[in-house]
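What follows is one structure encoded as structure tokens, with my remarks underneath.
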């Protein structure tokens, strides 16, 4: 395997990049509220084939057909798990049958609430308890900045399509009201769909309540979600324009709650294999290092989309020399907490893995793999004035040829190609390295290195 030249050279755009902007300064809103969403581990996630399943999940989410090699790898994994490959759904993990014991928010006073979140083992999915209805019913939902729907399993979901999830019982909520003649539908890349009816009801997270929030109840769900016993649905945090309700798209929870929050923003502080958190309505400056680098967001497509100017990647060899390649390959990307991997243009992905001895685009595993004992270079993504370094240690996403790292010899990469996807997707692999502010009011993203790395 040929490695990059050992002589380092500076990034071509550095001299023209402006200085970092300070974090936006805003007056505190009268009686504004805020809350923290802290993570805990879910040890029940099915580890087998986690890498290809995470990659396939991204294709499914963005309604794209799976590449042939990934489809073959996925079918083999599902067969090993005893799942009918004709269903072609993904198993995103489980934590046992729903039993209604999810924790309620812990109000800490002074307008600040706290609620716990549950990541699947290997950081595949992050769930949080959300209260819906009167009296409140607690459901575990996936918080997703790459979509804009709040949809749930409910008593309207056919029994054959339930998998032990906690259900939203519409009949037991005194504040539920059906939004007549409104429906929702999501079509997935495997041609399966999820959809159903729309109700207005009270939704509360961390002590912040929104009356008459649109809650989309599933009357049909993909088998992928049926098998995910831990999750009762999804809460989207992208922009209202991509909400799937027809004929009138509905506002997200964040859009409805924004005027009640201390600041019109939320932040993401994820960590690998240890608790992280989401903060709503406030900025905890102890969570990041140095100035906050703000970038504009293009909301035209409803996503948190931003521009990336170039990338560089370096390898710390055994002789201590640092080689570095800088390429001004700009691209658009979206910040998506609902996607696990970092999905980049094929040219960037290939340039990264060409530095790793034994790395290959594997037909067997449906993505880029490498020997588990390989040295992994850092990857730097230049976003305006911000150099977002993804440490090599985060690039080892999961074992590929075993169910645990101790037994594995082949590992699945945390960065993969975004083949057929019209933009890069910066998922949880990115967020584990970089604290991120989603400023809803200013429509900007803010980046900084996480503290304590």
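Glycine is treated like the rest: Cβ placed from N, Cα and C.
Quick look at what TrEMBL annotates:
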ACT_SITE  144  active site
ACT_SITE  336  active site
DISULFID  372-411  disulfide bond
DOMAIN    126-448  domain 'Peptidase A1'
REGION    94-113  region 'Disordered'
SIGNAL    1-22  signal peptide
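Known features from TrEMBL, placed on the structure.
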{"residue": "144", "record": "active site", "DSSP (3 states)": "strand"}
{"residue": "336", "record": "active site", "DSSP (3 states)": "coil"}
{"residue": "372", "record": "disulfide bond", "DSSP (3 states)": "coil"}
{"residue": "411", "record": "disulfide bond", "DSSP (3 states)": "strand"}
Taking 10 A as the limit, how many CB atoms besides its own sit near the CB of residue 144 (active site)? 21
On the domain 'Peptidase A1' (126-448), the mean of the pLDDT values is 91
Within 10 Å of each Cβ, count the other Cβ atoms, then let me know which of the disulfide-bonded residues 372, 411 comes out lowest. 372
By Cα geometry, the one of the recorded positions (144, 372, 411) nearest residue 336 (active site) is 144
Can you tell me how far the Cα of residue 144 (active site) sits from the Cα of residue 411 (disulfide bond), in Å? 26
If you count the other CB atoms within 10 A of the CB of residue 336 (active site), including all protein chains displayed, you should get 29
